[in-house]
Amino acid sequence: MPAHAYLCAMDAHAPLIDPFARPITYLRVSVTDRCDFRCTYCMAEHMQFLPKRDLLTLEELDRLCSAFVGLGVRKLRVTGGEPLVRRNIMEFFRAMSRHLGAGLDELTLTTNGSQLARFATELADCGVRRVNVSLDTLDEDRFARITRWGRLPQVLQGIEAAKAAGMRVKINTVALKGFNEDELFRLVGWCADQGHDLTFIEVMPMGEMGEEERLDQYWALSDLRDRLGERFTLTPLAERTGGPARYVRLDETGQKIGFITPLTHNFCESCNRVRITCTGELFMCLGQEDRADLRAPLRAGAEDAPLRAAIRDAIARKPKGHDFDYSRRHVAGQVSRYMSHTGG
């Protein structure tokens, strides 16, 4: 092979590095905007979903994610909507499992848990070792109210099934003022008893919720952490898992608690991730509107070179950080799209 051709071939598969020298090694891909819940902070109750023809096929998702793995992505998280309501979704997990140990270190998903009892064993067979479950309350009535359509017992059964299949479960809880403040210690205690990690998340300024309503629900995690510190000894952990969370250990229980605080602590300096929507849009930052269309080069032909070039061009536009800010009564940087479309 001529030297210039060799260099071009090498460059085609060089790792993705953004303008701020951050390697891009973590891809979150939304496989559907549909969900069997209607969580109030995530989507409208009578949601207008995208036409199915606009969604990437499972084969296109395979090709797109495989291109990212070839460019150095080592962690792939499948999201939605609710990923497990996508028809034949296990075909996609089986396809992605071939990359484990061959470039991909971890295949995982974020789910509301409603379909976990059905799919836990298959997911484990595909190499999924960890699963994040969104759970904001252990009160059945509150759960029905916040999810509108969800049933708490179904989710708890799914969590048990995941645990029985050998997967480690992490609970993601959105901190909502006036909703689950009084359940803080109940959630911590339950996770300790069950052996689950727990991460608290600040409500983000996305979707249709009005500014005043979102501000009324906003519970700064600095306050939540102070409340935990009144009952437990919190030891900061240096551990980083490739995500935005910062962790502490509760010395009395030994459990790990995470805090995702995009609004009061900018976690952008170490950002290593990008997001693909179910329609093939690449968002370089959750808190910015800039995006790149990857569906067009994906459908232009079987050759992956234009697709890789489009990915590189997009990564070259990745910003230094987001614009979320709740320090003022105005929600600076509010983003109009739904998390169910971008991928939660």
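FYI, residue positions are counted from 1 along the chain as it appears here.
Positions of Cβ are set from backbone N, Cα and C atoms, glycine also.
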Same-site GTP binder from R28, R225, given that Swiss-Prot records R77, T110, K170, R273, V274, R275:
R28
Select one of C278, C285: the residue that Swiss-Prot places in the [4Fe-4S] cluster 2 site alongside C268, C271.
C285
Spacing of the two Cα atoms, S134 (S-adenosyl-L-methionine binding site) and T110 (GTP binding site), in whole angstrom, works out to 7
Looking at the binding-site residues C39, C42, G81, C268, C285, which has the shortest Cα distance to R275 (GTP binding site)?
C285
Least Cβ-crowded entry, counting other Cβ within 10 Å, from the binding-site residues listed as C35, C39, C42, C268, V274
C268
